[in-house]
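What follows is one structure encoded as structure tokens, with my remarks underneath.
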């Protein structure tokens, strides 16, 4: 089994010493020399673009000799190495000796793949000293002047300002301040404009203690205090800035909450009443801009919000403020998401914090070119010699040009220290159902066709192996031979005590037996086209046990294709009655699959399930070995964690290849994506947080090894997770989260993908509501609601928790603004959309209380939410609705706006597109424009429109409509074909049920739901 090495040390949390294991394999601990020498054949030439080179600097001479005294003896001279590296007597870890291959001046090779060009270094924006703030200007001789952050010093006149107070100490005297405008009541008190120049500050006297947190601009001499950040973009024109300042004055963001200004309608202009606002969607649903302090190494680096996102874009500084807001605080993470232009770094020395093992990232502090301060634990570290070395110019350059500093997402090719065994090959085992129900469904035809097409595109190198096992009443194995055109079928009927009939010919290399495998796949549907005497049962449990024993020494992926209920052999199931009280039968019926999942995870084996059932198949039990359920508090080491595996579930209810063309097309697209997507083996994921934060709950498909370490047998780009966050102490100016995914690629190398997210903090209660992120919140609530429902709690409890989340947050906001009438929410942020999306969740098949939904359909919907990323969940909960015939009159550069999901916005003369998470509809009204129908559907006769009429035709309007289809369905790999629905079509009810703002048989309409929330808030 391949797992990364670990170092163990004491971790103190809540006053209790605990043993926690951390990723290791990093043995290059050493004290850096003060005077670097030019390394040979090292550096990072590709990281700086084709036309950009390192800037040659001479700041390293400052460590060789003391600088000249400042004029008039003001301030101390520039210190030698102001950040001493911890020695073996002061560090928690001993200093390890260097191997000969780890000498910094050795012939190391650096490579970057798919690196984008980087802009030249941005000059540091250091502000001039405003009135009332003293500033000391040191002087240096011409030979020893320090050069910081790649910029030469600016000559200063030897004028000594009057010192009215001693300088405040700072752990990073030369760190760049955050150029935020100071909040002031009148223009006369505004600070002087910032100057684009470098002004190094002197080292504070030794009598002043060093700060332990991040340097605050308010505590640095010569810089104005920064007001709370608002989440708005930094660049505005003058009228926009004036309007923003007026809003800020009205909201009193800079100080205490004073008298609220009102408009003629009685409400402030930054507050809206949901009951009075009928179309809440017209205000938009754009992502909130994250304002990162300018004092970090690269403030313009932002992580993709689809990868890393928080429910609060501005984090409360204290736990009391979070409780007062009644808002959920959690993060969502899509660690293996497909990334365009991913920066891949290969180097012999991966720079990490010596203490907390954080990877260097854009949000660290770089006081000079020799040191960096960790943005998670706030401790100082040395930079390796070769981190700043440019082999092209043979000189040292600015470390901020490194891709690790420029990008919030990078991937390292890990050295051999990160593995205990050679990387495992790609191993694929296909377990296929050949029972009578499977043959009648016809899924084997589509399966064989798509597998044959994508066989060469499956991830893996020359070592990739494959195996096929068929199940009915018996176990069917296929033995491949190099001198035979077709494999031999071997049948084992002793399913209770099954054995492997062959040792060497069942799991074979794909490259060596490619022709034989192709012939077998071609003949598979024909070979099992007739129902045999053994087709009346299903012994899936026995087949999985055999498959596990075959690949447990290697690891890999088992893909299961099932139609009928496993009713024979190990893990046999019996049909359970449909639940009349939602969630009653969502728990497992047997512990066999739980035990099997435990064993598979330990052997780095992942299990994925494709379900095509036409009758009840107990999906809730089958998927217990697919999904992972964890406790709500992972710090409770009382064995609450159970039922885990890192696979996926794909549900195709009522599948029939002859009667349901849309399901067949959806299965084709899903299987193609499944076979060809990128894959990572034997993975571990660690999520680190800034000091003062803690992760107290994980939701997704994984196994929790330690409080911040998750094990994943396989990792794919279509799975995501969520984690609950708690605040343990008062937070500094900003906080960071970093995830590190260590995995083995299908090509056989060990890689580390690192994502880092930086968020500002605030002490203003109203700012929390203005920076409430609904997308992350919906994903988090969906995952935690599914977990509670599938661990034995009643479905009604999850529904009540969703409603209470809205009542608590909106009610707390109304108390904060001292108003109790209406349904008041802030205009900025996403809180105004919270009731609408919660209502949509209550009507989703996973949480609906209607009795018309089948148990397997409910379980399939829940399992989709458990593993899916937030964009998939949002699309499935709240579909997007557009009026297509508006394209005929719109300019070329415009697209139809998204409409509320209500039949009130469906007219008799319109044509509408609805895009959900797994399917898309085109609804054609009876009185639609005949001209539009001719161009798009090829006929003006309404009754002649069918499922095959929506084709791209040779006219501008048709091409524009299909281009719009591609735009709104981009990267929707599991989206089936577009279904055309007319007014009297049997599928009209499917379309109408997705209009979640309207009233249904079991839930309120949007207006009624708001009235219910208002009564509940008033009652509280």
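Note that the numbers count up from 1, one per residue, in the order the chain is shown.
Cβ coordinates are placed from backbone N, Cα and C, and glycine is handled just like the others.
Heads up, TrEMBL stuff is auto-annotated, nobody curated it.
Feature annotation from TrEMBL assigns compositional bias 'Low complexity' to 161-200.
Residues annotated as compositional bias 'Polar residues' in TrEMBL: 208-220.
For 350-386, the entry in TrEMBL reads domain 'Zinc finger Sec23/Sec24-type'. Counting residues per DSSP class in helix, strand and coil order gives 2 helix, 9 strand, 26 coil for the domain 'Zinc finger Sec23/Sec24-type' (350-386).
According to TrEMBL, the domain 'Sec23/Sec24 trunk' annotation covers 423-675.
The domain 'Sec23/Sec24 beta-sandwich' feature in TrEMBL is assigned to 680-762.
Annotated domain 'Sec23/Sec24 helical' per TrEMBL: 773-874, in sequence order. In terms of DSSP helix, strand and coil, the domain 'Sec23/Sec24 helical' (773-874) has 69 helix, 3 strand, 30 coil.
Here TrEMBL flags 89-108 (among others) as region 'Disordered'.
According to TrEMBL, the feature region 'Disordered' maps to 140-237 (among others).
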Based on Cβ pairs under 8 Å, which of the stretches 350-386, 423-675, 680-762 lies most in contact with the domain 'Sec23/Sec24 helical' (773-874)? 423-675
Here the mean pLDDT of the domain 'Sec23/Sec24 helical' (773-874) is 89
Within the domain 'Sec23/Sec24 beta-sandwich' (680-762), count helix residues (DSSP H, G, I), strand residues (E, B) and coil residues, in that order. 0 helix, 60 strand, 23 coil
